[in-house]
Amino acid sequence: MSSSEPVVITIDGPSGAGKGTLSQMLARHTGYHLLDSGALYRLVALAALNVGADLNDQHQMAKIASELDVIFNVDAGSTQILLGGRDVTNNIRHETVSMSASQIAAYPSVRVALLQRQREFAKLPGLIADGRDMGTTVFPHAQTKIFLTASPEARAQRRYKQLAAKGEAVDMDMLIKDISERDERDSNRSVSPLRPAEDAVIIDSTSMAIDEVFAKILTAVKQ
Ligand code: DC
């Protein structure tokens with residue numbers, strides 16, 4: 001590979017496996033750019049909800065995806081997300097948006113509409129790409145592919161803590177149910193289902209501290 005090509009490291013896996021945090025840590029460590037591909041699906045869902053569009057209308061969802069007016073403002077490691085000039089950094093994390101994003105992410109035409117936009121994030125010196133199909137579909141030639149997983153209970157527990165820290169009260173059983181439903185949908189859709197690339201390094205973080213997982217990722221990257 002020529003040194004003028006950006007290095008791409010993909011981190012795929014189900015919701016709540018810690019991809020977001022670990023991708024940010026890795027981006028900081030390497031100085032590479034970061035793609036939070038889930039944010040793009042969330043933005044399409046939010047844009048659709050904002051205009052009261054019918055989420056069952058695949059054609060309209062693809063149109064919204066292809067016309068998405070979004071800016072990612074990266075500043076000192078944190079990212080502000082603007083949709084149509086409005087700061088939606090927190091809005092896209094709401095549970096309603098999560099469920100809607102999972103629904104529209106199953107539409108092949110939405111995925112196609114977002115493909116090129118995602119590939120454009122690969123810039124020098126490199127990219128950490130966080131998602132579900134980064135290693136299988138979007139960046140099949142990535143130098144390192146990680147598939148990060150954890151039990152639904154462990155993932156719900158982490159999500160519970162995140163929401164509690166933000167002062168949002170949630171029911172643990174509801175969270176486990178939501179996570180399992182989303183896993184089911186993300187894993188069983190016909191295009192780009194959630195699954196590890198054949199050459200991915202699989203890491204199960206269920207009973208691991210974040211630093212331990214990060215060390216494993218660094219080892220995989222160095223190999
Ligand atoms: O990673 P996340 O929870 O922010 O992702 C939101 C939704 O988008 C999730 O239900 C799955 C979907 N998604 C996807 O289908 N492909 C990706 N590369 C990233 C996310």
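Backbone N, Cα and C define each Cβ position, glycine as well.
These come from TrEMBL:
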- 9-223: domain 'Cytidylate kinase' (DOMAIN)
- GLY13, PRO14, SER15, GLY16, ALA17, GLY18, LYS19, GLY20, THR21: ATP binding site (BINDING)
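For ligand 1, the nearby binding-site residues are SER15; that is, of GLY13, SER15, ALA17, LYS19, these have a C-beta under 6 Å from one of its atoms.
Shown in sequence order, ILE11, ASP12, GLY13, ASP130, GLY131, LEU148 are the residues of the chain, 6+ apart in sequence, with a C-beta less than 8 angstroms from the C-beta of LYS19 (ATP binding site). In sequence order, LEU148, THR149, ALA150, ARG155, SER205 are the residues of the chain that are 6 or more apart from ALA17 (ATP binding site) and have a CB within less than 8 Å of its CB.
The Cβ of SER15 (ATP binding site) lies under 8 Å from the Cβ of SER98, ARG155, ARG159, ILE179, ARG182, ASP183, ASP186, each on the same chain and at least six residues away in sequence.
The secondary structure of ALA17 (ATP binding site), as reduced to three states from DSSP, is coil rather than helix or strand. With the fewest other C-beta atoms within 10 Å around its C-beta, THR21 stands out among the binding-site residues GLY13, THR21. Across all of the domain 'Cytidylate kinase' (9-223), the predicted model scores a mean pLDDT of 93.
Excluding GLY13, PRO14, SER15, GLY16, ALA17, GLY18, LYS19, GLY20, THR21 themselves, the residues of that chain whose CB lies within 8 A of the CB mean position for the ATP site are, in sequence, LEU22, LEU148, ALA150, ARG155.
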